[in-house]
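K.L.:
Annotations for this protein, taken from Swiss-Prot, read as follows:
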type	residues	note
ACT_SITE	Arg159	active site
ACT_SITE	Ser229	active site, proton donor
ACT_SITE	Glu325	active site
DOMAIN	13-183	domain 'FAD-binding PCMH-type'
Amino acid sequence: MNHSLKPWNTFGIDHNAQHIVCAEDEQQLLNAWQHATAEGQPVLILGEGSNVLFLEDYRGTVIINRIKGIEIHDEPDAWYLHVGAGENWHRLVKYTLQEGMPGLENLALIPGCVGSSPIQNIGAYGVELQRVCAYVDCVELATGKQVRLTAKECRFGYRDSIFKHEYQDRFAIVAVGLRLPKEWQPVLTYGDLTRLDPTTVTPQQVFNAVCHMRTTKLPDPKVNGNAGSFFKNPVVSAETAKALLAQFPTAPNYPQAGGSVKLAAGWLIDQCQLKGMQMGGAAVHRQQALVLINEDNAKSEDVVQLAHHVRQKVGEKFNVWLEPEVRFIGASGEVSAVETIS
């Protein structure tokens with residue numbers, strides 16, 4: 001139990017794992033998984049560890065997916081990219097823009113690897129991965145069999161996909177296929193983007209605006225460890241939203257397909273005067289209440305306690321119960337984040 005996980009999670013929480021293995025190709029990943037499984041150890045496959053909270057020491061092998069490579073196919077209607085799961089997401093966004101292939105600019109500066117992007121169906125500023133995903137290539141860990149899922153088969157939802165359910169432990173993502181249409185359409189529905197002129201705006205301007213919003217509002221994990229948005233934006237019924245808006249008319253709300261309404265978790269937390277609130281070494285970020293940070297050598301217990309406190313306060317005031325977006329990892333694998341902080 002002497003391999004520190006601190007360098008492998010952006011929260012900077014100091015727990016250990018029995019073994020840590022970096023896999024640079026599919027075969028190395030399979031070998032590491034099969035070796036650990038033969039020894040009866042649990043196995044966790046990580047990208048950049050930017051969406052996990054380790055609750056305790058991990059009693060098994062952590063495999064760091066570093067499968068690289070970008071292939072481009074130029075078709076009349078779109079560019080098709082085949083991207084290794086271990087590629088850094090933001091670097092991919094920058095690369096596609098430099099090469100004149102826009103479409104990912106709203107997703108700039110999302111931390112993590114390409115392989116993690118479909119698991120969460122990452123999204124920001126009005127765009128989700130499912131908008132550009134063509135397929136996801138996986139390998140079945142027990143057999144080494146390769147499987148390609150179409151975007152539809154990935155069953156994408158809000159911060160959700162098949163990879164959080166039946167594909168969670170049996171498969172590893174090795175590559176993601178993206179389709180970037182040549183007829184670029186800007187998405188300018190959120191934040192500062194609403195001020196841009198859709199008729200003249202360029203992809204680079206959207207990218208710059210997104211980077212500006214993220215860097216001014218969000219803490220740098222190198223300075224204060226964090227895992228980005230800690231909570232999901234809650235999606236509530238039309239009735240619940242109507243009652244809440246009657247009482248709090250300024251609450252940001254985004255009607256969804258099917259009649260439900262998405263609320264802004266950061267706003268709900270902010271209304272409870274929780275910005276800057278600290279428990280142990282963990283704190284609510286002063287600029288963006290949705291982010292919990294490692295202010296001062298936080299222990300995982302500090303983060304859990306703080307998340308519980310935030311959830312209670314928001315629940316008591318608004319009767320809306322927040323769910324973590326961050327994935328909680330126990331000694332032998334993922335555990336329910338909601339149960340942990342309830």
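Including glycine, each Cβ sits where the backbone N, Cα and C put it.
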K.L.:
Using the alpha carbons only, what distance in Å do you get between Ser229 (active site, proton donor) and Glu325 (active site) once rounded?
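P.N.:
Cα of Ser229 (active site, proton donor) to Cα of Glu325 (active site) measures 7 Å after rounding.
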K.L.:
Taking the Cβ of Arg159 (active site) as centre, how many other Cβ atoms lie within 10 Å?
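P.N.:
Neighbour count, Cβ to Cβ under the 10 Å cut-off: 18.
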K.L.:
Long-range same-chain neighbours of Glu325 (active site), Cβ under 8 Å, sequence gap at least 6?
P.N.:
Asn51, Gln120, Arg159, Gly228, Ser229, Phe230, Phe231, Lys232
